[in-house]
Amino acid sequence: MSISSAKALRPRTSAGLQRRKPSRVNKTFYWMVIPALVLFVILHTIPTLTGMFFSFTNYAGYGEWNFVGIHNYVNLFKDDRILASYGFTFIFAITTTIVVNVGALFIAILLNSKIKYQTAFRGIFFIPNILSVLIVGYVFNYLLSNNLPLIGQALGIKWLSTSILANPDLAWLGIVGVTAWQSIAFSVIIYLAGLQTVPGELYEAASLDGASPWRQFWSITFPLISGFFTINMVLALKGLLQAFDQIVALTNGGPGTSTESVSMVIYRGGFQGGEYGYQMANSVVYLVVIVVLSLLQLRVLSRKEADFS
Amino acid sequence: MSTLNPTPTQVRTGTRRASRRRTSVNIPVTLLIAVLSLTILIPLYFTIVTALKSSDQLGGNGLALPTSIHWENFSNAWQLTNFPHALLISGIVTVAAVILTILTNSLVAYAIARNMHRPFFKALYYFFIAALFVPFPIIMLPVTKEMAVLGLDNPVGLFLLYTVYGLSFNIFVYTAFIKSIPAELEEAAIMDGASVWTTYRKVIFPILTPINATVGILTCLWAWNDFLLPLVILSDPNTRTLPLVQYVFQGQFNTDYATAFASYLMAMAPLLLIYLFAQRWVISGVMRGSIK
């Protein structure tokens, strides 16, 4: 409804404005956007295009360079370190996205039901979102390497008896856990906003009909908040594919290079390894991957949305 | 800040009392959520007690209260990291980013929202939104060089980048809101002889207050806690922000965890304190942004 009324109003506005002061009004609006556009092009678009340009060169970040065609791109697919970083990043991002969304939806539903101290609990669950990812990583680094092994030893669980961050097979799980701990906070708030749009009468009617809470969730709640589900899934996956801070703090890519994310490889290779051109090719591939995954997700999830309604 | 809207709070407490009378509180769910909230509170508690212990009190499960309180951890961390200086840099960057973002991004969004039928402005809208999909690592290397060439590899360049990079997301949030403002308000102002600038300043900007709060909160959290952008942009060690300081001193902390935790706690404290008092306002601000 709001969309159609906005559409109806818009032409009237401009007609009204144009009739009175046709050229001056236009100019003012241009002045409002041009400086921002210029700055955005200088600070965002040009770096993006420069990066794409250098991906076809052997530039080290300093000194001379030559065009090498698609040489960098071909090498990327033969580079075990690059392939491993994509593997780690995908597994990490997909697992964490699922954990975050299931956990956040569960907590949001609990917070939205008739509980005592609702505002206080809501406030507590949002705390991780106001903390620095890097510092949270450092705190958990200590907890996971010093305190968790003691609990593991006390319980006699072998894989928990040593630091999981030092274990090449389990370190990624530690990163998933800490990232989820922090990311759930924001998703909870978005789901809570969604849950508040669901009219309470629907539940009353459903419980009169004898529908179980489980049934009510799948038949009423989920279809009505599926738009929020889509947004959360897309935002979470896009953000997690770029993970950097928490990995620096927790494992710094280790043990070995088993938890190196793509962002980390680009940072290290580009700034410290003299691989500027090569890492720009990596970045372009990374950009394509993120755009394709986001669009794919939007398509699949919004088709689901339509099915439900 | 929390006194901005006293009436809704009063109304809310009133209705809650009324609803409590009608339907009873769900005790098992309250207990479940209380247990779950321990997953948030225990790490925070752990951070605080660790910061107050001496090195030889560390160990065990780490949850025991300190046998004697060691405030000197804080003074050690304060001196080692030059805390007041880093706090000042982080504060300047965050405040400047928030103010600049609210003033400029709302203006750009207003011009776009009111001219969406013109091809130029429509193209501009999609140009900014498309940038949301560009991951930062692809710009990271070139922009670092560019900022150094422009002489902007300092806190000024940093808050400028937050303001400009924020455009993509903020324009999305602002235009959705501005479209819902009836055009009659502006028509009345223009009829009274107000220019577009005056209309924006006197009519539109005040109406935008709730969404300005949303954008301000999100920008504040981003600029205060960000690590990667300061890491690559800031070249002078004297201009390090708080997260960057934790990273740089990590090597020195390795032997002394109590000092490290005191330093972490001091870096997190300013926002935690503000949040303690403005909690309701912050959460409703973030929620408002997600409904649009």
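A Cβ is built for glycine as well, from the same backbone N, Cα and C atoms used for every other residue.
The domain 'ABC transmembrane type-1' annotation in TrEMBL covers A:86-297.
TrEMBL lists A:1-20 with the feature region 'Disordered'.
TrEMBL lists A:29-56 (among others) with the feature transmembrane segment.
Residues or ranges marked as transmembrane segment in TrEMBL: A:86-111 (among others).
Per TrEMBL, the feature transmembrane segment maps to A:123-144 (among others).
Marked as transmembrane segment by TrEMBL: A:170-195 (among others).
Taken from TrEMBL, the feature transmembrane segment covers A:216-237 (among others). Beyond the ends of the transmembrane segment (A:216-237), by six or more residues, the same chain brings 93-94, 96-97, 100-101, 104-105, 109, 183, 187, 190-191, 193-195, 197-198, 202-203, 206-207, 293-294, 297-298, 301-302, 304-305, 308-309 to within a C-beta distance below 8 angstroms of the stretch.
Residues 51-52, 55, 73, 76, 86, 226, 229-230, 233-234, 237-238, 241-242, 262, 266 of the same chain sit 6 or more residues outside the transmembrane segment (A:283-301) yet have a Cβ under 8 Å from a Cβ within it. Feature annotation from TrEMBL assigns transmembrane segment to A:283-301 (among others).
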Positions on the same chain near the transmembrane segment (A:86-111), where near means CB under 8 A and six or more residues out: 118, 121-122, 125, 172, 175-176, 179-180, 183-184, 187-188, 190-192, 194-195, 217, 221, 229, 232-233, 236-237, 240-241, 243, 258-262, 289
